[in-house]
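**Student:** What follows is a single structure, and I will ask about it in a moment.
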């Protein structure tokens, strides 16, 4: 009598099953407007401060629940506080971005609160689901997070020494690739029933959806603030701009002497026009390719 063959479409390892189960929501998170702008380097200091403050609240909640359950066999194999925990690093970043009284200054948005509440609920009532949240956060930080660090450093003109970006640095991990392999292998040793395993997979999707809601909220806040500070509503800016144009206007020339052009009197303007021409040329060339 032949034994029934296992369903080859369902990954046997938990790490692979998580990757497969979250593929669609992972793509949705990457395509959120906030993240698309981030990936393109269209990042403002205000937007970066907002997302970093949200991450601070999220990681405080996550790591408090991890500490609560560090001796619980449903999580113990994944307990790597020295290598992974982000709270101390985020506290450094909060001080950099918000100043010495940062605890009184950082925002706490509604989507962030919902994320925190879910982490607290899981840690206290269903600690086995912490695996899903640790997977989505820490492995993401060790992967795409390193790319985002470089983008933020360039877009915000941050020092190469890493101030303001401690969150993205893992000084106790020599090789991110090897550590991720170790972490996944530990995940695959966790013993759980098929029912618990499915709940872990579902919770990983929930974690991504919480991130998507956060990105949408942050983008909405930035968009609203941009509208509130529309330069078209700032007459003082128009007055100053008008005065600069007046300064560049040609003066009455002496008889018999040619009047210098605006460009010859304004080397900065001449440089900007030249640079604009070069950028347009490069853009057209790339489009043609």
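Yeah, the Cβs are placed from backbone N, Cα and C, and that goes for glycine too.
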**Student:** Please state which member of 56, 59, 135 Swiss-Prot lists alongside 19, 26, 184 for binding heme b.
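**Tutor:** So the heme b site in Swiss-Prot includes 19, 26, 184 plus, from the candidates 56, 59, 135, 135.
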**Student:** Which one of these stretches, 239-261, 262-284, shows up in Swiss-Prot as region 'Disordered'?
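**Tutor:** That would be 239-261, the stretch labelled region 'Disordered' in Swiss-Prot.
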**Student:** Give the sequence-ordered set of same-chain residues, not counting 19, 26, 135, 184, with Cβ within 8 Å of the centre of the Cβ atoms defining the heme b site.
**Tutor:** 15, 16, 18, 22, 136, 139, 204
**Student:** Determine the Cβ neighbour count for residue 26 (heme b binding site): the number of other Cβ atoms within 10 Å of its Cβ.
**Tutor:** 18
**Student:** Any idea what DSSP makes of residue 184 (heme b binding site), helix, strand or coil?
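**Tutor:** Going by the DSSP assignment, residue 184 (heme b binding site) falls within a helical segment, counted as helix.
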**Student:** Per 10 Å Cβ neighbour count, which of the recorded positions 19, 141, 184 ranks highest?
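**Tutor:** Counting Cβ neighbours within 10 Å, the top one is 141.
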**Student:** Do you know offhand how many angstrom separate residue 135 (heme b binding site) and residue 141 (site 'Important for catalytic activity') by C-alpha?
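**Tutor:** Given the Cα positions, residue 135 (heme b binding site) is 10 Å from residue 141 (site 'Important for catalytic activity').
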**Student:** Can you count the other CB atoms that lie within 10 A of the CB of residue 135 (heme b binding site)?
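**Tutor:** Total other Cβ atoms inside 10 Å, all chains included: 23.
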